[in-house]
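Read the structure below first, then the notes.
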Amino acid sequence: RAYRALRAAAVDIQAALRTCVAVAAYREAKRQREAAIALQAALRGLASRAGFQRRRGAAVCVQRFARGWRCRSRLGRIKSKAAAEKVRKLREEEARAEELERARREAQEREREIEAMRW
């Protein structure tokens, strides 16, 4: 009877010890699993952010080139318009100068005619 009680106590202690070992092993496995999940999530997030930044950088690059091209073409139109305006003004000035010169010659011619009539 004492042996059976001792044996039952030993079995209970062994069962409790096995339970403690199993609980510790389960907790360690659970901790490792959660750590692996957290690591995978972090790596997925890192890859996702890198892809997003790469696509965003590409979009910004395309926008930069498009805006630069648009500004250069607009500047070209403005410069050509300004050059055309400058040419127009120069031609107007030349025409005005020619008209003044013609009027001056006509006035001189009239003066000569008047002088010739006096004598």
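Cβ atoms here come from the backbone N, Cα and C positions, even for glycine.
TrEMBL entries are annotated by machine, without manual review.
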Any idea which of 42-67, 94-119 is down as region 'Disordered' in TrEMBL?
94-119
DSSP-assigned states of the region 'Disordered' (94-119) in counts, ordered helix, strand, coil:
25 helix, 0 strand, 1 coil
